[in-house]
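The structure appears below as structure tokens.
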Amino acid sequence: MASNMRGKSFIAETDLSVEEFFQILRFAETLKLEKLAGKPHPLLAGKALAMIFQKPSTRTRISFEVGITQLGGTGLYLGAGDLQLKRGETLSDTAQTLSRYVDGIMARTYAHQDVVDLATFGTVPVINGLTDLNHPCQAMADYFTIYEKKGYLGGRKLAYVGDGNNMCHSLLGGGALAGMHVVAACPKGYQPGVEYVERARELARFTGARVEVTSEPAEAVKDADVVYTDVWASMGQEEEHQKRVKAFKGYQIDSKLTRGAKKDFIFMHCLPAHRGEEVAADVIDGPHSVVWDQAENRLHVQKAIMALLMA
């Protein structure tokens with residue numbers, strides 16, 4: 001398997017070229033078809049992946065651990081109590097030490113800089129499993145899901161309604177690479193970081209994409225192919241929950257709002273979901289929802305990323 005990505009780290013979707021973005025999607029499709037056909041693909045036989053988790057996870061841990069196993073490798077779970085970081089060992093020393101033992105590092109952290117430091121000081125590929133600023137593996141799985149359901153990405157409209165968080169940042173960047181029309185509808189005070197919007201717009205100039213930010217959910221959802229939302233209060237923001245519920249009034253994805261989307265729109269959510277808050281039950285559990293395909297595709301896309309970086 002030839003890969004021009006071998007040895008690189010994957011910290012943000014905007015680190016990718018357009019060619020690399022679509023290479024991941026195409027390879028994920030190949031691996032998914034092989035998995036469904038029962039064809040093994042031990043592309044990482046004998047390889048080990050260190051999986052650092054500063055915060056708990058369902059989909060990220062399971063999909064990476066199962067994924068590295070299906071590729072013939074070994075995943076090593078390292079929770080907060082399994083490393084010496086709390087006792088003062090630096091990320092630099094941790095990265096250099098792990099690099100002598102494993103062939104890749106996946107990290108799910110609070111601070112984005114922690115993943116950047118692991119990649120800076122380590123000598124093996126580092127994969128961002130989620131930080132406070134980006135969620136690139138999820139975004140790649142999302143765009144793979146849209147590709148599966150819609151056949152192509154260029155020109156498709158994705159409406160993101162909710163908090164301008166890490167998920168929103170990654171969807172903006174990925175959509176720009178894909179040549180899509182991405183609109184983020186977020187309340188004032190909760191809009192995506194200016195630097196992430198500007199970076200996405202910079203990419204859009206080369207791909208023909210459109211990137212917009214608004215505070216009007218109906219404007220965003222109008223004629224959308226994809227309607228997407230995320231929780232209003234992310235992990236670590238629990239104390240802000242009631243404040244955010246008030247701020248996001250009118251931003252719930254319900255059947256009234258989605259009437260403005262295309263008739264064949266798909267609904268997406270990166271999960272976990274809070275029915276009755278960011279999304280109504282009849283939408284997430286309804287016929288337009290693809291959230292379970294979306295969750296499954298984390299496995300196939302992350303296998304593609306690991307194989308392309310670590311093989």
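The backbone N, Cα and C atoms fix where each Cβ goes, glycine too.
Taken from TrEMBL, the feature carbamoyl phosphate binding site applies to Ser57, Thr58, Arg59, Thr60, Gln84, Arg108, His135, Pro136, Cys137, Gln138, Cys270, Leu271, Arg298. In three-state terms derived from DSSP, Cys137 (carbamoyl phosphate binding site) belongs to a helical segment. Cys137 (carbamoyl phosphate binding site) counts 26 other C-beta atoms within 10 Å of its own C-beta, drawing on all protein chains shown.
The L-ornithine binding site annotation in TrEMBL covers Asn166, Asp230, Ser234, Met235. In sequence order, Leu130, Thr131, Asp132, Leu133, Asn134, His135, Ser234 are the residues near Asn166 (L-ornithine binding site), counting only same-chain partners six or more apart with C-beta under 8 A.
The domain 'Aspartate/ornithine carbamoyltransferase carbamoyl-P binding' feature in TrEMBL is assigned to 8-148.
Residues or ranges marked as domain 'Aspartate/ornithine carbamoyltransferase Asp/Orn-binding' by TrEMBL: 155-309.
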* **Integer Å distance between the CA atoms belonging to Met235 (L-ornithine binding site) and Gln84 (carbamoyl phosphate binding site)** => 23
* Asked: Just going by other Cβ atoms within 10 Å, which of the binding-site residues Ser57, Gln84, Ser234 has the emptiest spot?
  -> Gln84
* Asked: With a radius of 8 angstroms around the mean position of the C-beta atoms of Asn166, Asp230, Ser234, Met235, what other residues of the same chain does the L-ornithine site pick up?
  -> Leu130, Asp132, His135, Asp163, Asn165, Met167, Val231, Gln237
* Among all chains shown, work out which of the binding-site residues Arg59, His135, Arg298 has the most CB atoms within 10 A of its CB. => His135
* What is the one among the binding-site residues Met235, Cys270 whose Cβ has the most other Cβ atoms less than or equal to 10 Å away? -> Cys270
* Asked: Counting each residue once, how many in the domain 'Aspartate/ornithine carbamoyltransferase carbamoyl-P binding' (8-148) are helix, strand and coil under DSSP?
  -> 72 helix, 23 strand, 46 coil
* Structure fact -> Asp230 (L-ornithine binding site) sits from Cys270 (carbamoyl phosphate binding site) (Cα to Cα, rounded, in Å) at a distance of 6
